[in-house]
């Protein structure tokens, strides 16, 4: 009974939450995390492939060097799969915040594991399935897999545990959409005569917030900061006036906000750019396949220089199922 | 004994990756399961210890195998919210782990709590004072205010979800129905909250509602603490509505603007006026209680305790007070001061043995037969006479 309940600010509350405690980084921390995940996975795989080869060939070294994905390539593929989450979310007509939660689960998952350890195809559907549940939008597993062609119910159910555990069971994700709505309401009370302008800024800002999902903004900034940056991009004049009204008395804070929103803008712009094309995606998929399954890849493609397509959908169905199973039992 | 590690599997990169999982996800603490203390439809509760600290804990083991849709929604809600909430009046989620083996299950490690408020209310050998009630109410609102500031609606407050620690601290538990306050136009299901504690907007089928549904529930719990018996023990949803309006008056467009457009509002708005209520006692339209009636019913309550009760149970949710206002109310400022937790009354020893982690293994069902069936039938009939449409 000692606590005075009103003493905590909203910022204090945010800092108590898991999004700040566990899932916020500086740019250099984030890079370090990804570098280390990539290095550990490459080393593990190299070691295992080496062991497998020695066992098979009685210690005789083949001299074939497997190319593992670099951290940059992993990131390219990750964003490619974030777009796939967005496409899949559209199939189920999911609201923006559920899609955003699923994308954030996916990005968080790959701060713990490499794409070489868990294939992103199965993980992305699992993230989406888990997001529908944690956001109170239940879809039964039967209905969920119904529109999917290459994903089994069991693979999603099996991975759900692993994904939830990898996320340290922190399932609550804050997005910029709610703060945008908050600013939207406040803007109306400050500038009652600029309704049309405010409404269109709100709509555009939501699209910028959506673009930010395809960047690291959510790991580096808070949702209200991202919301403010999105609104600034949507209508700078309006927001300058608004910020003058709100924070004009506090020049230091105002300058800080402007600096932060400028930084966020570059992430939003980056996130809004088109992601890798199908050719590049295919090349990366192939490289991923080889480093996950070097023996099979060698049998199928020879020592690395075949031009045979690795598009999974071109394979016979039976084989496809098998690859899928291998992907899920990777661990 | 549960194993918090993942199953080791065979595959292209077998054990090494499995070891990597343990390493990176973090090797969790280990726990003993000493004995089973409760079983519900979706969980079994064990009393156990955290082996590294010897701390007594409760393990809520959620049976996952039987759910074909993977992790259960209630479990997901509970984990999602309890992972974020850290407050001395909210149950602490210490850990979550997955046990492997033939039937994989999800285990919530919760702090050990020896009793709940329902047990205290029912234990006739326990005496408690106005200061004790104030202490429980304050702790409830401190915890609830914290949840509400995090935009979390509990949606199932009732005495057996308010748990009591061995040191007398009250903790809000069972977040299996909780959710975040959605946007202003996103509908939610009105079929939440155990019936006796369900706010009128829910009884009337409103799909747009707020944190105020929790305040209503605490208001009814407050009345129950003073009366030491459930205040509005409705047998059916319709009966609950009748009891609620008998206690606080039938809402009218004047007292609650917009009430007549709620989905399950079946009164004729023309007739639900204070005048009808006063002139025709058989109409099924009730006038709001007079102050004198409230004083008679809650004879031990102070004037500010009555004010507080009426503010928490204001029918129109827009006019009902929020948790911040509750904490600032005169009731908490006047004498007597709340009893310090450690000096609050305890259960008699025979009842104080098993840990509680929410309503899962207990139920209000056993109380439901308390009232005579014909009384309810009569109330329902009266209500049926004024019904325009019945959508229950």
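Just so it is clear, glycine is given a Cβ too, placed from its N, Cα and C backbone atoms.
Since the structure is predicted, the reported quantities are computational estimates derived from the model, not experimental observations.
Range annotated as region 'Disordered' by TrEMBL, chosen from B:1-27, B:28-54: B:1-27.
The average pLDDT the prediction assigns to the domain 'Protein kinase' (B:31-332) is 90. Neighbours of residue B:61 (ATP binding site), defined as other CB atoms within 10 A of its CB across all chains, total 20.
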